[in-house]
Each structure stands twice: as structure tokens, then as C-alpha cells.
Amino acid sequence: MKDHDFDGDKGLAKGFLENFADANGRSKYMEILQEVSNRKIRAIQVDLDDLFNYKDESEEFLGRLTENTRRYVSIFSAAVDELLPEPTEAFPDDDHDILMTQRADDGTDNPDVSDPHQQIPSEIKRYYEVYFKAPSKGRPSTIREVKASHIGQLVRISGIVTRCSDVKPLMAVAVYTCEDCGHEIYQEVTSRVFMPLFKCPSSRCRLNSKAGNPILQLRASKFLKFQEAKMQELAEHVPKGHIPRSMTVHLRGELTRKVSPGDVVEFSGIFLPIPYTGFKALRAGLVADTYLEATSVTHFKKKYEEYEFQKDEEEQIARLAEDGDIYNKLSRSLAPEIYGHEDIKKALLLLLVGAPHRQLKDGMKIRGDVHICLMGDPGVAKSQLLKHIINVAPRGVYTTGKGSSGVGLTAAVMRDQVTNEMVLEGGALVLADMGICAIDEFDKMDESDRTAIHEVMEQQTVSIAKAGITTSLNARTAVLAAANPAWGRYDLRRTPAENINLPPALLSRFDLLWLILDRADMDSDLELAKHVLHVHQTEESPALGFEPLEPNILRAYISAARRLSPYVPAELEEYIATAYSSIRQEEAKSNTPHSYTTVRTLLSILRISAALARLRFSESVAQSDVDEALRLMQMSKISLYADDRQKAGLDAISDTYSIIRDEAARSKKTHVSYANALNWISRKGYSEAQLKECLEEYAALNVWQIDPHTFDIRFI
């Protein structure tokens, strides 16, 4: 079998890089090479989809490239060396430039030097790295599908990143200086382990019959950034009864720091064997471990701050922003298969959007994340809502209370396999940093484990002092918890405090504690049954009157909204302060208060109002935002207020009148607008139809007069 002509392949690579044009007719790769020459970028990513679509390229060349990828990385690098244009912009010289200039002055950069050890390797001259991105045709492989036949080939693998090491320097070219003859000696390093030179291989030392003394010159040597990551199979790819498999991924150069634990990603890379080292090598025999040398990383769900909008997405977001009913459309697009819970879905939408974080001049931080606890009877779709929110959020971690220890939620001290040092391994709350942590069965957690959440929910850090490590980790996460009442179902004969059975210190940290009670109601149960049957028959939700938004559009809209930092205007200060004090007064009057109101409640009102302003793409909070925030807080306990009214013997019409009268007296008004009256009674769970009935009944009694056009109220 004759040797393959790799020089011919280098010519093909040069032709592709030189002549390939994108859809706009621009020389894509020559523009990238110009930016590399100007030292603006270091990575040259060759997309094999471009190579597949290139008219002058044969399928055999693409096949050879994917089956012997490491060799073709060096072939493309050699082609880039020949094609690299002259820089068009000035840039300051770094240490590497100074060394290369000095070598040129000394004449040591001459490639015709007879001694191969004194020839400067091409690798040390390069400022760039060449990466291949695998063709996007077909679905990515799972870890289980990558076998021994794929060794040396370019593969695409999807999975979730479970851990990442620190970024360390990895030697690519070792440079020595001989103390006896003064020559520079170069040693290319192709693996993570190498044997340093102890004898000078130069011709002068050999002629003088001397061993020489090569001294390693670290500043002249070339190092690459190196990071090791562990990737695990996604849950949906694991067969029944099996445990998820994992794979080691090596990231070099510009690919480091691209992933973090918890990210769902797709790696393109070269599947390679690596021999065991140390004591493992004694027992391994002919068995080798495997790893993936990554050449590209693609995130399935981009972080909000990394989101780059496509033109069509920008147009769609602009159209949605102009829609007056966007708040309802976005909330109803969350889990449309789940019947009802409209207000809960609105609250969960606001949890996804959040409020801006505030940092005061003295360094004090005020959190912007909204925490929500869903507490209710079994079978009201709490867990389904949690899982759906985790799917929509770009970064989310789902865990259960009984299956999570305090260490599993915060951080554990472990020994790093790469460096053998004691390192911190982040728990669920740390993995969900800048995202959402959903904790199901919150009431089943041990009290000692639950205390780990207190610091995270307010200070948004995890403080650790164990195994000689004293540090603080960021956990800027929104906590979404689901719990059952103390006796499995809510017992109306007991007080809310007895039913909820969570400490006040924890309850006050939740912006919204939503009680979902499963009450028997003929009409509601009939509608629910029809909805569930429709979903089972058609595997899709019933018609909503509009097309529900896809999760990627939801993420794009929320990403655009999160870039705003709305402020509270001065004219709303009095209004918010009055609303907060009235909540405190109502709670003080009640024999069995339904909520635990502290100053944190005031901050919760501000956070929810700011999230609503973000949804409107507004730079300032409006009164309507504050009213909606207060309404959501009231609606979260609405089922309990209905019981209070029944116990007090009040009918809906009388109670509606009492609410309007008390609010008008508090604000010292004799003239009340219809919008204000509707807002006041909706906070208490009454409908617009009940308001109209109340207005007519009390107008007939001459208690007030109603404007025939605007329906505004004037007390007599």
C-alpha cells in the first residue's frame, strides 16, 4: 500500500482557506486570518459544513479529515503558516516577539540548520490554534455510542458537564539552553507527561564528547492553557436500569473556561486513548483510558448575558413588546398542558425575569432574584411546574428535599484527580449560580440541611470553613421550592402557621408563598377533567386563542428584558409605603394571620414590580406594576381569605363594598376611579362581574353615584 500524499492535501487545504466564500460572497477564512495576523483573535475554527459545501472539495478529503483528524490539524496549521497575511494594524511586542527577534538577529531561526534539535519548531512560532467543528448533519452521538472504532476520529457528543478543573499551563514546546555549548534546544511535547532532556544533543557537545547540561528556559518555552472537564450522559439517553456514563474532556487554548458544571453542551472533538500512569499503569496491562480532545463547544441553552439575537428574533421580540397583552401571553406559554394556575404561571414568569441586583456604595448588596415556594395539596401539578421552569431557564438545577444533604446543596471538599489537591465541589445551589434551583419535596428535608439555604436565599453566597479551606462561593440563584402542608393535605381547622410548618426565618425569605388548595368544585373539576382528557388524546394542550411561544423565543424575550434596570420613581414612594403599612395593619388586626410580613415583604414588592417593568421594556416602575405585585401577593393566599369570609358570614357583594369603602377612607377620597376599585377588589380575589353587581346594588341604595360613561364612583 503506497503512502498517502499529504502534501497534496495541504494544497487542498490552502485552496479551501483561500477561496471559500460565505453566502454574502466574502472570503470568510482570509478575513479570519487577517484578524489573527492583527492579533485580535487566536482561534481559527474551520467549520466542516463549509468544507462539505465547498465546490472544489471531494468527499474523500472530508472523509480522510474526519478519520485522521489530529494529522489534519497540523496540515491545516501548515497551510495557515503559508497563507497568513501581513498585519495591517500596529500592536505592541510581547515577550514572544522579542525572543523571536533576538533569534533572528542571532541567526538561530534558520530552518536549514543541520541539527534537527536546533531547528525552531513551527509550533513555537504560531500565535493561533486551529480547531475543527464537526459537520452538523445528523444528531450528535451519546457517550454510550462512541466505541473503539472511533479512536482518532472527529466525533460529536452531547451531554451535561458535571465538573471542571482549574485552568493550568500545559507545556507545548520545551526550550533548553546548554551551559557548555550555549545552543538552544527544542523539545516538542505531545502528551501531558514528558521526559526532560538531561544530555545536550547538539553536534558541538557530541564532537567534544561532553554530555552538556541543558537548562530548561521557562520564559522561552511555549505553554497552552489546559482544562479538564467531566461530561455525563443526559438522563434521556440512559437506558432503563443503567447508570449514566461519563467521559473526560480535555480543553486547550481558547476553548478553556467555555463550560462550567451544569451546562448542557455538545462537544466536537477527537476521541483518543491515553495510557494509565502511576500505580494504575502497573495493573492496567494493555488497557488504556480514553478521552475527548475538544475542538469546539456548542451550548444548547445560552446564558442570558451571552445571548446574541438573530435578526428575525429581534423583529419577533419587537412585535411582542408592542403587544399590550404580552404579560398574559408569556405566562400562558409556560406549561400550557397544565390546566389553570394562571396567576401562579405569572409569578413563575417573574421569577425567570427577576429584578436587577443592587450594590450600594459601601459594598452592601441587595438581591434581585425572586424566590417562590409552592405549597399545596398532592396532585396540583407542583412538580410539573418546577420541571417545566427548569427546562425553560438557560441554567437550572432540579433536586429533591429528601435526596439532598446540606453538603449536596452547598459545597463538598474533595480531592482533585488531576492535581491531587483538596478542592471544593459545588453543590446544587452553587451549580445554579445565575440561574434557578428547584427543590421539590421541600418539607421533607431535614432541618439541619434546610438551614444551609438561609444564607443562599438572602446573602446569595455559600460560606465554607472545612478541611483547611475557608472561602465564600457565589450562589446568585433564584430558589423555587415545592412543598406539601404538614399533614399531607391542608387542614382548614388548624392555623396557617401549623399547616405551613416552616420556620418564620425561612418563610420571610420567600417573596411569594403560594398556597394551592384542592377544593371540590363542580364546574372547575369538569373543566379540569376535559383539559386532561384532551391532552391525553391529542398529546397537546387545548387551543389558547393564540400560538404558545416556543421555549427559545421565551428565553430570547426574557434575555432582552433582563438587560434593563428599572428604577422606582419618587412619586411612587408614598404609594408603596402606604400599601406596605396597610398590609402590616391588616395582619395585626387578624387573629390568625395568613402571612409573615417583615421588611423583606417590602423588598419583595419592589422586586416583583421591577420584574414587571422589565417585561414592558420600561426604564421605570409604574403604579400598575406595584398594583400587580400587591395583587399577586394577595392572590397567593386567596383560598384562605375565602374561608375567613365564610366564617365571618360576609357575602361577596357586602365584602366588595367594605373593601372599596375602607380603601377610599384610607386614601381620604370621596371620588374613586373604576380602575382603582377593580384593582382593590381583585387583590382580594373578586371578579369584575361581582364589582359591577356591587356598584348597581349600592347605587340603588344611594350610598354612591356611578358615572354612566366611566363607571367612576362618587360617595354621597
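Glycine residues also receive a Cβ, built from the backbone N, Cα and C atoms like all the rest.
Database features (Swiss-Prot):
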ZN_FING   178-205  zinc finger
DOMAIN    326-531  domain 'MCM'
BINDING   Gly376, Asp377, Pro378, Gly379, Val380, Ala381, Lys382, Ser383  ATP binding site
MOTIF     508-511  motif 'Arginine finger'
Helix, strand and coil residues within the zinc finger (178-205) as assigned by DSSP: 3 helix, 6 strand, 19 coil
Neighbours of Gly376, Asp377, Pro378, Gly379, Val380, Ala381, Lys382, Ser383 excl. site residues, C-beta within 8 Å of centre, ATP: Ala482, Asn484, Ile516, Asp518
Packing count at Gly379 (ATP binding site) (other Cβ atoms within 10 Å of its Cβ): 7
Gly376, Pro378 as binding-site residues, winner by CB count within 10 A: Gly376
Other CB atoms, at most 10 A from the CB of Asp377 (ATP binding site): 16
Number of other Cβ atoms within 10 Å of the Cβ of Lys382 (ATP binding site) across all protein chains: 25
Helix, strand and coil counts within the motif 'Arginine finger' (508-511) (DSSP): 0 helix, 0 strand, 4 coil
Neighbouring C-beta atoms (10 Å sphere around the C-beta of Val380 (ATP binding site)): 20
Predicted model, mean pLDDT over the zinc finger (178-205): 82
